[in-house]
Amino acid sequence: MKEQVKIFDTTLRDGEQSPGASMNTEEKIQIAKQLEKLGVDIIEAGFAAASPGDFEAIRKISEVVNKSTVCSLARALEKDIKAAGEAIAPAKFKRIHTFIATSPIHMKYKLRMEPEEVIKRAIEAVKYAKTFVNDVEFSCEDAGRSEMAFLKEIIAAVIEAGAKTINIPDTVGYRFPHEMGEMIKELKDFIGERAIISVHCHNDLGLAVANSLYSVLNGARQVECTINGLGERAGNAALEEIVMAIKTRKDIFDGIDTNINTKEIYPTSRLVAAITGIEPQPNKAIVGKNAFAHESGIHQDGVLKHQETYEIMRAEDIGLDRNAIVLGKHSGRHAFKKRIEDLGFTLSEEEINKAFERFKVLADKKKEITDDDIRMLITNEIASAPEVYKLKKLQISDCSEGVPSAAVTIEFDGKEITDAGIGDGTIDAIFKTIDRISGYKGTLNDYQVAAVSKGKDALAKVVVKVVFDEKKPAVIGHGLSIDTMIASAKAYVSALNSYISMKDMLKVKKMSENDI
Ligand SMILES: CC(=O)SCCNC(=O)CCNC(=O)[C@H](O)C(C)(C)COP(=O)(O)OP(=O)(O)OC[C@H]1O[C@@H](n2cnc3c(N)ncnc32)[C@H](O)[C@@H]1OP(=O)(O)O
Ligand SMILES: CC(C)C(=O)C(=O)O
């Protein structure tokens, strides 16, 4: 029988306390729905008394979420608890989370209360919260710096008052994992089955996840955490790290599991990053851009031969469907060859070796080599496309009014062929006319234009990515001219020549007259 650790997500409450992470109601609803899909047990949707906007967001979330419990934070104050109770009222499963600080420093300087007064307030708060909901959580704020004897006293009192979950926050991220574990163990022995122990760890010393995991190992059965580790100051424990650590190290977390659908981790992380505008650092565990990327040749070779040589988790398990191999200056031949094959090219060993040499030269100049760079290397360098078709003349109509059209003259097999055509724009008209002349039909996948020099007579460089057969990879063409339209026509013709010159690598599908 597996023991569940409840995942209490506080992205919408503590996460929103990250400077700059404010979200509007619509955005919070989107995130709440995604959190439900992710399978979090409790969504802390906000702090109802903080503002009318927070109240409204919690209320709307309570209306749309029906699998996860919806929770609002409240100080140990009647007005906060009333607001929380009213905001979560529509929810199918609801919880009030009330708190008061228990550390000597907070009680003395912030609350300016004697410990006895703090206990009295805590009991009143829990009792009042119980008039709204059965599910009441109580937090001993700054428990990490609180005295054990006082913690036990207040915890016993709030359990007696009806609290079902006792949260032990390391509010300022002060504890070390072994200390956190010892504290939770002692409290677990004290509380027994009377309430669920929860932890809420901050990351001021980078220990939030480690502290949460040690707490689980010592009896905590709820973890409060946020997507991407967002939160006040250095943030909270990252949900994705806790969940994946428990899943990956089954040997340590024997018989312990969460309800999280890990395949929703990456989509949730992206949604939160897009809405808050706070991007996880590239090397952030689990969800960082580089978390599943291998750049160096020895690692790439190992992963290609057997994934587990350098991966303890599978990218697919977090819902990430992406090529883990990043080509760069440290990449080796195995990875390069694999990428060429993945892109749909069939090259001889000699061609691969030639391309690999050029790739290394390029990689010295460029930080990351993209798939388009590889296509360019192959289509324009290896094939060193002979000019089967050559642009001779181009005339375009003024398209400010009327139908954009182009007349193109192409040299082919020693003869000049001229034709004219119309299109959705001037460039489209040029490309369609080239298709008519050549008999191939290209689909433009990408078009980029850049100035390669300065001033009025700057040279325009156009790069096109064209698919001439949908079953075959795209080819790249480029053209340079002082005139953007001519550069575009040259780029398209160069893509066509590359395509034709690779007949042996890519079987060419010729268009019939009727297809044009
Ligand atoms: C560790 C945490 O993350 S706690 C949650 C933090 N989140 C927030 O603060 C949410 C956003 N906060 C707010 O919008 C505002 O601070 C409000 C609306 C909650 C309160 O605003 P104000 O009434 O203007 O009070 P202000 O924030 O300046 O000061 C906090 C007051 O609450 C008191 N207080 C703090 N915690 C508690 C508590 N758990 N129970 C009772 N009183 C508390 C403080 O002692 C202080 O009281 P005082 O005015 O008598 O000195
Ligand atoms: C209110 C509590 C749970 C909190 O956010 C903290 O202590 O950090």
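Residue 1 is the first one shown; counting continues down the chain.
Backbone N, Cα and C define each Cβ position, glycine as well.
TrEMBL does not curate its annotations; it predicts them automatically.
Note that the coordinates shown come from a computational prediction; the quantities given were computed from them, not determined experimentally.
According to TrEMBL, the domain 'Pyruvate carboxyltransferase' annotation covers 5-266.
The annotation Mn(2+) binding site is assigned in TrEMBL to ASP14, HIS200, HIS202, ASN236. All protein chains considered, the CB of ASN236 (Mn(2+) binding site) has 32 other CB atoms within 10 Å. The secondary structure of ASN236 (Mn(2+) binding site), as reduced to three states from DSSP, is extended strand.
Residues or ranges marked as region 'Regulatory domain' by TrEMBL: 390-516.
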What residue among the binding-site residues HIS200, HIS202 has the most other CB atoms lying within 10 A of its CB?
HIS200
What does DSSP say about ASP14 (Mn(2+) binding site): helix, strand or coil?
coil
Restricting to the region 'Regulatory domain' (390-516), what is the model's mean pLDDT?
83
Specify the count of other C-beta atoms within 10 Å of the C-beta of ASP14 (Mn(2+) binding site).
24
Helix, strand or coil at HIS200 (Mn(2+) binding site) [DSSP, three-state]:
strand
